[in-house]
Amino acid sequence: LGGLGRWDAEHFLFIAERGYLLEHNCAFLPLFPLGLRLLAALLPCPVPLQPRGRLLLAAALLNALLAVLAAAALLALGRAVLRRPGQAFLAALLFSLSPAGVFMAAAYSESAFAALAFGAMWQLEKGRGWLSGLLFALAAGARANGLVNAGFVLYSSVRRFVLQLQGTAAALRELPVLGKRALSLVASAALACAGISLPFALFQYYAYVRFCEPGAALAQSVPEALLQLARDKGYRVAGVGVDKPPWCSQRFPLVYSYIQDAYWNVGFLRYFELRQIPNFLLALPVTLLCSWAACTYVSANPWHCLTLGLVRSKGEERGKARDGFCGPAVFVYVVHSTALLAFGFFCMHVQVLTRFLGSSSPILYWFSAHLLLEHEPLLWSTGTDNPASGKPPLGKSHSSCGKGTSDNPVVRLLLNWRSITPLSKSILGFFLGYWLLGLVLHCNFLPWT
């Protein structure tokens, strides 16, 4: 299990064991470490383990469960949005082979965030606003980019209101009613955003009290070796020293933004250096896929994108809206994925894009499933989710290599690797290659995404 505790996992394990003792630990939000600490305390261990060993075991078990829940939530979300069960199933299978797979298993918060975010999106599609808001809020307590998910709630509210206006005849006497609806919309949207942001805001306040208040003291004794390490590395220890951190004096004292800037040099175009070219190449596959997804969607739905999806198409009015990846319901997810891609590419350490997008957006998996079902003849034999290109299903058949079909489309493609298209090989090669390389490199403390 030691390989699952490398790189940023060290921070999560340290927080779970000792709390937010060091200032730079505050870049890692508390939901996942709290879950680790609770599960480690409850685990029955027939063999005595050191605290770190118990935490590693808890991380492996917890993330295994959360990854399964994330796949199930993605499957349910795909069925609701894509309205093609086969495509949704293939996307969930691809998530199980995610190129960010090692981070779903290691002591990282990716699995927790994916399970909460995909679950919240699904509940929102089902019309369960309060439950989706709660899950989105918990996701914002796991990763800071969970704050962006408030956009889903805002868009859903605005679209519902605009479509209601389109369905009613405009009349002067209805203006007061419409005004009340608009005020209700603004109030509910503001409340939803505040609720989703609350865990993040509370944590920023906790960090301020812990590192900025003069009366803050250590709740536990700190080994001298750890204090010496902090002094050698220049780490700030809570309750040690008299000088306040610089961020405490800012108008909005956000420790998260300060740490990203001061400790990791995260900022606009800061990673655009010649020596970072290998990291840009590492992020190239996910960048190309998500960019291709956005271009495909816009080219298939130019008017829908131009009107921000706020105007019903003729197909929607007749109750025959387009399904699949290019359906109208996918619009907000494409916008979300593209916004994360642009922010990650220009403002973050670009090599983390694979796990950043792989745990935050369903588009990576939906679009890959769309490409496979559109362009891989071997998958047309399923008889379901016929490709939009109009090619007929082939019925039950066997591949040219003589190997029978499988109910699992990914297994079928792997069993008939020589006969599948180059595009299918590229997609599966990316997913499986990054999954395997990540497992080997990350667990051996070698650089990875």
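Cβ atoms here come from the backbone N, Cα and C positions, even for glycine.
The transmembrane segment annotation in TrEMBL covers 27-49 (among others).
If you look up TrEMBL, you'll see 55-77 (among others) marked as transmembrane segment.
The annotation transmembrane segment is assigned in TrEMBL to 89-109 (among others). Here the transmembrane segment (89-109) has long-range neighbours at 3-6, 8-9, 12-13, 28-29, 31-32, 36, 55-56, 59-60, 63-64, 66-67, 70-72, 74-75, 78, 82, 142-143, 285-286, 354-355, 358-359, 362, 365-366, 368-369, 372-373, 379, 408-410, 430-435, 438-439, 442-443, 448-449, meaning same-chain residues at least 6 beyond its ends whose C-beta is under 8 angstroms from one of its own.
Taken from TrEMBL, the feature transmembrane segment applies to 129-155 (among others).
What TrEMBL lists as transmembrane segment is 182-206 (among others).
Tertiary proximity for the transmembrane segment (280-303) is limited to same-chain residues at least six positions away from its ends with a CB under 8 Å from its CB atoms, namely 99, 311, 313, 325-326, 328, 330-331, 334, 337-338, 341, 345, 350-351, 353-354, 357-358, 361, 363-364, 366-368, 370, 430, 434, 449. Annotation source TrEMBL lists transmembrane segment at 280-303 (among others).
Per TrEMBL, the feature transmembrane segment maps to 324-346 (among others). Nonlocal intrachain contacts for the transmembrane segment (324-346), taken as residues 6+ away from its ends with a CB within less than 8 angstroms of a stretch CB, comprise 81-84, 87, 121, 125, 145, 148-149, 151-152, 155-156, 268-269, 283, 287, 290-291, 293-294, 296-298, 300-301, 304-305, 308-309, 313, 316, 352-353, 356-357, 360-364, 366-367, 369-370, 385, 388.
Sequence annotations record features per position, and here TrEMBL assigns transmembrane segment to 427-448 (among others).
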Under 8 Å Cβ-Cβ from the transmembrane segment (427-448), and at least six residues away from its ends along the same chain, one finds 3-4, 6-7, 94, 97-103, 106, 285, 289, 351, 354, 368, 371-372, 410, 413-414, 420
